[in-house]
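Chemist: From TrEMBL, here are the annotated features:
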BINDING   Arg41, Ser49, Lys166, Gly167, Arg168, Pro169, His170  3'-phosphoadenylyl sulfate binding site
DISULFID  Cys149-Cys161  disulfide bond
DOMAIN    30-186  domain 'Sulfotransferase'
Amino acid sequence: MPRTLEGQITMEKTPSYFVTKEAPRRIYNMSRDTKLIVVVRNPVTRAISDYTQTLSKNPTIPSFQALAFKNVSMGLIDTTWSAVRIGIYAKHLDNWLQYFPLSKFLFVSGERLVSDPAGEMGRVQDFLGLKRVVTDKHFYFNETKGFPCLKKPEGSSRPRCLGKSKGRPHPKIDVQVVQRLQEFYRPFNMKFYQMTGQDFGWD
């Protein structure tokens with residue numbers, strides 16, 4: 001990490017930190033004062049989105065259903081598949097809480113980031129002890145993408161939107177498969193709500 005001077009904040013992001021077993025210890029050893037922001041979304045939607053991303057790179061992979069279940073007839077979910085495993089947020093948070101207190105975390109709702117980007121960004125700025133500079137006026141809703149984008153920064157002619165890999169249409173997944181996954185995640189979601197003191201409304 002670059003050296004951070006007085007009055008500066010250094011930020012870094014990677015989706016895999018939260019789910020990597022060794023990450024909390026390593027980050028704690030680097031700096032126990034680190035503030036941690038975790039963006040989470042409905043784990044079922046997250047798994048389908050993960051699959052959609054992989055499918056776009058490798059169209060020959062098995063169906064979502066084939067990968068999600070160890071045994072379809074018995075409804076056994078395959079927790080070794082990373083798309084499923086990542087959404088068991090309570091398990092990952094347990095690992096982090098061995099090193100960092102809950103006060104060092106901000107949990108951002110992926111759904112609210114779409115429905116109210118300025119509100120969620122307000123929470124982020126407050127958590128980091130920053131003046132609220134990013135507000136409603138910085139966002140517009142992109143109909144094509146289906147989510148908010150940043151209006152053009154000063155000195156730039158184009159608005160800033162997430163890349164091609166974001167906002168892809170999801171493949172149609174059988175309703176029973178989605179329901180079974182919702183049932184699977186429910187107890188983990190409830191535990192996550194209790195741990196964070198936040199109800200994300202996924203059920």
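Glycine too: its Cβ is placed from the backbone N, Cα and C atoms.
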Chemist: Which entry in the list of recorded positions, Arg41, Cys161, Pro169, has its Cβ near the fewest other Cβ atoms, using 10 Å as the limit?
Modeler: Pro169
Chemist: If you draw a 10 Å sphere on the Cβ of Ser49 (3'-phosphoadenylyl sulfate binding site), how many other Cβ atoms land inside?
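Modeler: Summing over all protein chains shown, Ser49 (3'-phosphoadenylyl sulfate binding site) has 17 other Cβ atoms within 10 Å.
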Chemist: Using Cα coordinates, what distance in whole Å links His170 (3'-phosphoadenylyl sulfate binding site) and Cys161 (disulfide bond)?
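Modeler: Approximately 19 Å lies between the Cα of His170 (3'-phosphoadenylyl sulfate binding site) and that of Cys161 (disulfide bond).
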Chemist: Rank the recorded positions Cys149, His170 by the number of other Cβ atoms within 10 Å of each Cβ, and give the residue at the low end.
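Modeler: Selected from the recorded positions Cys149, His170 on minimum Cβ neighbours within 10 Å: His170.
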Chemist: Pop the Cα-Cα gap between Cys149 (disulfide bond) and Pro169 (3'-phosphoadenylyl sulfate binding site) into the table, whole Å please.
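Modeler: Each residue's Cα considered, Pro169 (3'-phosphoadenylyl sulfate binding site) and Cys149 (disulfide bond) end up 17 Å apart.
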Chemist: What mean pLDDT does the predicted model reach across the domain 'Sulfotransferase' (30-186)?
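Modeler: Taking every residue in the domain 'Sulfotransferase' (30-186) and averaging pLDDT yields 88.
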Chemist: Between Arg41 (3'-phosphoadenylyl sulfate binding site) and Cys149 (disulfide bond), what C-alpha distance do you get in Å?
Modeler: 18
